[in-house]
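Asks: Handing you a structure now.
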Amino acid sequence: MLLRSSGKLNVGTKKEDGESTAPTPRPKILRCKCHHHCPEDSVNNICSTDGYCFTMIEEDDSGMPVVTSGCLGLEGSDFQCRDTPIPHQRRSIECCTERNECNKDLHPTLPPLKDRDFVDGPIHHKALLISVTVCSLLLVLIILFCYFRYKRQEARPRYSIGLEQDETYIPPGESLRDLIEQSQSSGSGSGLPLLVQRTIAKQIQMVKQIGKGRYGEVWMGKWRGEKVAVKVFFTTEEASWFRETEIYQTVLMRHENILGFIAADIKGTGSWTQLYLITDYHENGSLYDYLKSTTLDAKSMLKLAYSSVSGLCHLHTEIFSTQGKPAIAHRDLKSKNILVKKNGTCCIADLGLAVKFISDTNEVDIPPNTRVGTKRYMPPEVLDESLNRNHFQSYIMADMYSFGLILWEIARRCVSGGIVEEYQLPYHDLVPSDPSYEDMREIVCMKKLRPSFPNRWSSDECLRQMGKLMTECWAQNPASRLTALRVKKTLAKMSESQDIKL
């Protein structure tokens, strides 16, 4: 931009002999030539101003130069004459004040084109169109590639475990029972060697999905023809997977009434990580599923109850020896976390929330897990947050409250006098199907209600004793509840009095 007025108004000129002359006085009202910028009161394309005359050249939308001239008021003229370049717009302005119609001698030129300016106008639009088209085609090709790759991956068994690893760690003909018995006789007592676990995990063939929960999925699989259950955890539930694996591999943990652990492994397939927990397979499913479809007699009722509490008793008991077992509390006992074997006995499963007691240091080992137990089965001290988290016996007594509710579920399905109730969850008539903490707190803590007993129980000695037993398990005061060992002994006496061999 050229601002001519400043030099001609303020700086004097010198004659050739060196004498200086005064600057030419500036007209108070300046007349300027106007073109494309003439006010309404202009005459013969002449406008008047107390500021500057200007001439400007700029490109229109088609790229053609357009010349504009006219008057600029005194206020703000300096700013306008010092034209600030605008990106992607070519223009130039020159101003003057030395005489009337001085702007007719101004001939501003467009600034030179920069590299990027050559793509403006029609050529720019054409280039833009080509670029957008090419990018769109590339995007479509990338999406198609990803889609077909995804479909090809989906076509494979989702949880397939490769056979690429060496099988020499496990001799041909060895069964799972053989391997487990060998590991127990070796004296470790903590399950199969990790290398054997990984080999088994890689040789599992997934057959069908048999369950799904908040932690992940359960599949029925096969290893050398033997059926196994494979729990596949979501990656968000890694803490549960780690804790359950850790508990199952605790020394002296194996018990006939605790779900038999086989192997655990982490497998990465590139797009996702799979967390496996492989256990014994029990086709009857959970106690919850079993009770919904099966009615019981006194013997089968006592068998389910006795085997369940035997597993719980083993969990709760600390074993002192050179390779001792710590006391363990389950913290999420419910009928869905107990499985029914072919022989009608139960085993306890899902130890992802279990807590251990380290007696040497008097320390309660709580898992770093955001997951919480099932609200319907929570005891009053958990619901009202009065449970002493640093006292291990608090967790043991919380388990016993939950076990009392499980006894109620079992007893309702026992036939007496030709009568039996349909299966229901505890508190089914008092809270919604998915109760909130507030729902359970009101019923269990404030109103101190418990599941009701059918009238027929009072006329059946076995069911009457079961009712008494569960009442002592779910007492409001944790210190008043029976221990698992006490319940186990009571059920054994009941079976003996009924002449039932467990």
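A Cβ is built for glycine as well, from the same backbone N, Cα and C atoms used for every other residue.
The region 'Disordered' feature in Swiss-Prot is assigned to 1-24. According to Swiss-Prot, the signal peptide annotation covers 1-13. If you look up Swiss-Prot, you'll see 14-126 marked as topological domain 'Extracellular'. Annotated transmembrane segment per Swiss-Prot: 127-148, in sequence order, evidence recorded as sequence analysis. Taken from Swiss-Prot, the feature topological domain 'Cytoplasmic' covers 149-502. What Swiss-Prot records for 174-203 is domain 'GS', and it gives sequence analysis as the kind of evidence. Taken from Swiss-Prot, the feature domain 'Protein kinase' applies to 204-494. What Swiss-Prot records for ILE210, GLY211, LYS212, GLY213, ARG214, TYR215, GLY216, GLU217, VAL218, LYS231 is ATP binding site, and it gives sequence analysis as the kind of evidence. Annotated active site, proton acceptor per Swiss-Prot: ASP332, in sequence order.
How buried are these features, and what lies next to them?
Replies: On the 0 to 100 pLDDT scale, the topological domain 'Extracellular' (14-126) averages 78 in the predicted structure.
Other Cβ atoms within 10 Å of the Cβ of ILE210 (ATP binding site), summed over all protein chains shown, number 15.
ASP332 (active site, proton acceptor) has a Cβ environment of 20 other Cβ atoms inside 10 Å.
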Asks: What is the total of other Cβ atoms whose distance to the Cβ of ARG214 (ATP binding site) is within 10 Å?
Replies: 10
Asks: What same-chain residues, at least 6 away in sequence, bring their CB to under 8 Å of the CB of LYS212 (ATP binding site)?
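Replies: Counting only residues 6 or more apart in sequence, the Cβ neighbours of LYS212 (ATP binding site) under 8 Å are VAL218.
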Asks: Once near-sequence residues are set aside, which residues in the chain of GLY216 (ATP binding site), 6 or more away, have Cβ atoms under 8 Å from its Cβ?
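Replies: The answer is LYS231, VAL232, PHE233, PHE234, GLU237, LEU275.
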Asks: In whole Å, how far is ARG214 (ATP binding site) from ASP332 (active site, proton acceptor) when you measure between their Cα atoms?
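Replies: Roughly 13 Å, rounded to the nearest whole number.
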Asks: Among all protein chains shown, how many Cβ atoms are found within 10 Å of the Cβ of VAL218 (ATP binding site), not counting that one?
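Replies: Result for VAL218 (ATP binding site): 20 neighbouring Cβ atoms inside 10 Å.
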Asks: Helix, strand or coil for GLY216 (ATP binding site)? Use DSSP.
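Replies: Note: GLY216 (ATP binding site) is in a strand by DSSP.
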